[in-house]
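Under the heading domain 'Protein kinase', Swiss-Prot lists 11-265. Taken from Swiss-Prot, the feature ATP binding site covers LEU17, GLY18, SER19, GLY20, GLY21, PHE22, GLY23, LYS24, VAL25, LYS40, and the record attributes it to sequence analysis. Per Swiss-Prot, active site, proton acceptor is recorded for ASP132, and the stated evidence type is sequence analysis. Taken from Swiss-Prot, the feature region 'Disordered' covers 366-386, 433-493, 506-555. Under the heading compositional bias 'Polar residues', Swiss-Prot lists 447-461, 506-515. The domain 'KA1' feature in Swiss-Prot is assigned to 656-705; the stated evidence is sequence analysis.
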Amino acid sequence: MSKYEVLQGFYAVHDELGSGGFGKVRLATHLLTNQKVAIKIIDKKQLGHDLPRVQTEMDALRNLSHQNICRLYHYIETEDKFFIVMEYCSGGEMFDYIVRKERLEESEARHFFRQLVSAIAFVHSQGYAHRDLKPENLLLTEDLHLKLIDFGLCAKTEKGRIDKHNLDTCCGSPAYAAPELIQGLQYKGNEADVWSMGILLYTLLVGALPFEDDNMQIMYKKIQSGCFYEPEFLSPLSKQLLRAMLQVVPERRISVKKLLEHDWLNHKYTQPVKWNTIYDKNFIDRDVARVMSKYYGFESTDKMIEKIKEWNFDYMTSTYYALLHRKRNGMEIILPMVRNSTNTAPPNVQNILCSPTIHASLENNLDKSGLEDDDSDPSSISSSSDISARLKKNCVVSDESSSSRFVKPMSPAAEKDKKMSYVNAMLTMPSQFTGRSPLRIPESPMSVRSSDSASLGSAATPSRGGVKDNDKENASTGKNYRMGASTCKSRGPLKITGVEEGTMKSVYTTPNTRPTLRGLFSPGNAEHKKRQRARSSDRASIGMPPGSPVSIGSAHSANNELLADGRTPRSRIKTNRLPQRVFTSLERKKEKLITLLTPRKMQRDSPQVLKDVKNMVNVSMTASQDPEEVRNLLKKVFDDERMRYELNGWKFLATQETVHGWMTVELEIVRLQMFDKVGIRRKRLKGDAFMYKKVCEKILQMAKIE
């Protein structure tokens, strides 16, 4: 029995993205659409008295649908677990971006902070207070859009009266908590969130915490004093804003309304921050609904729309969001033609909490005022996948022109240029602090091609020829290529070309140059296909050593009768080794089938190969070309620092005890094909973000790999 039986047939669960006190977050694939999602798995036994927090988080996520808040797709409750399926943010944690650049330029910090203020202004307008704002709860999409997560500690008040309601629960992370929380006083949620945003802004601009100490009591005293260091490189406007947000007395603290109008926040922007949601719960994309109606067997698109509007947050809701994500990224909207009759949910899947939510896109309201305008909706790099004619006959595809209210996708080339203009500007901007950009070296003009995602073997799995997933992930996803893979994507028999004519071709010899492989059934091979059988006996006799099984069989067949057209009967040219040859053929076909159905694996003696790391802010490039050397250096650092670690191939899982608890980080040695260098991919699995930053910087510095 599977560990996550309730997810079988709906999601394929992959690597761990992170963990907390009550559960883990795993990367997964939505099987019907092949889109990546994140699944938060919470153990009820570990929750104990905190069980109501999950219900609070679910209520918040259903109602807080905003462009800068991570979207809820699907909610499943079983006897012992909660499964929260959410939008996957492939850009990783915001803190990885800070670790990569050490601190951000003010224009970069402004880009992200405007999005955070937009999200919090909307949260407060709906009567919620987040109460746990910290870098770990800020994620990035592949196009550097910020998404707020983790509403487990949020507080709900009457809508529009958050500034009138007092709270008394002390919660959140100490380094980001407001003074009134530390003192145990009653507080207002909106004022506490403004303080935490001030800490985050300081972190973005300086790369450090304003109030920090290994001794918790000393750190509390620093927070209550409100005194913090102001580096000289900060502009007067940024200093003014930080002082206004980090006021010890809550009544003197700047309000969110005034924060939205502050000069620093709107510097070089043509429009103020748009904090209202761009989604409308009453608007459903008709293209997506039409495809879903054919799959689910609804009589009309309108019937499907009415069903989606129930917002049950079941697999149907998840499918709608996944297809909507494909459309927004210029990918084809496609589902199998007929719903599999065996694709029924297990009984415990039916135990799903249901409630309406705000959603649906009003993309035309986005701010299009320029590169720095944060509210614009950059499209994805991903282009539409190539769908064969045979597949299209068996699949449902949207056939309506883009006449709906949803923005029509641009051409793949235009989409890529539009998005990369800003992403590259952000990632290649040199830092004043370090003097280098996150990439640190020029881009290579090499082309990038996505690979297939892992095979999905279940009743609900689309056919193998389905649309490829063009999402870009930090984890092992479509853009990660591995060395030593022996698979070949050509279909059917292969013809070897590129060998000089006139040279004797023996099946036991290898050409000096690497041959070109091409499918035998391509248009250019029509004549070859007609002549193939006629030359089968000739192939066996050319270049064979005397006495070999093939040459003996050929000599024997020469004495047999010929057919009317002069050809030798196929049965006559076979030898008494036929059973063995048939068995060998079957074995080879079995190996090929296994190879096709198994994801590419890296060789044990080679690290994983990454073809493209442009948007991977959690990858550090080394000066070395020898992965073994880097691995030995990391081992030495871990031993010198007396850090516990486990080594699995090229992946380190290191842990260290800190004043804030245990810190767990994953470091994987990879090969950067674009630059012909060895890199290190970082991932924080558990612990405080700043401790993660310190540990990573210390390890990379001591290993002398930056």
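If you go along the chain as it appears here, the first residue is 1 and each next one adds 1.
Just so it is clear, glycine is given a Cβ too, placed from its N, Cα and C backbone atoms.
What Swiss-Prot annotates, mapped onto the structure for a quick look.
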residue: LEU17; record: ATP binding site; Cβ within 10 Å: 24
residue: SER19; record: ATP binding site; Cβ within 10 Å: 16
residue: GLY23; record: ATP binding site; Cβ within 10 Å: 21
residue: VAL25; record: ATP binding site; Cβ within 10 Å: 21
residue: ASP132; record: active site, proton acceptor; Cβ within 10 Å: 20
- Across the domain 'KA1' (656-705), DSSP labelling yields 14 helix, 25 strand, 11 coil
- DSSP output for the residue listed as 'active site, proton acceptor' maps to coil
- Task: In whole Å, note down how far the CA of the residue listed as 'active site, proton acceptor' lies from the CA of SER19 (ATP binding site).
- Result: 16
- Here the Cα-Cα span from ASP132 (active site, proton acceptor) to GLY23 (ATP binding site), rounded to a whole number of angstrom, reaches 17
- Item | the domain 'KA1' (656-705) [mean pLDDT, rounded to integer] | 76
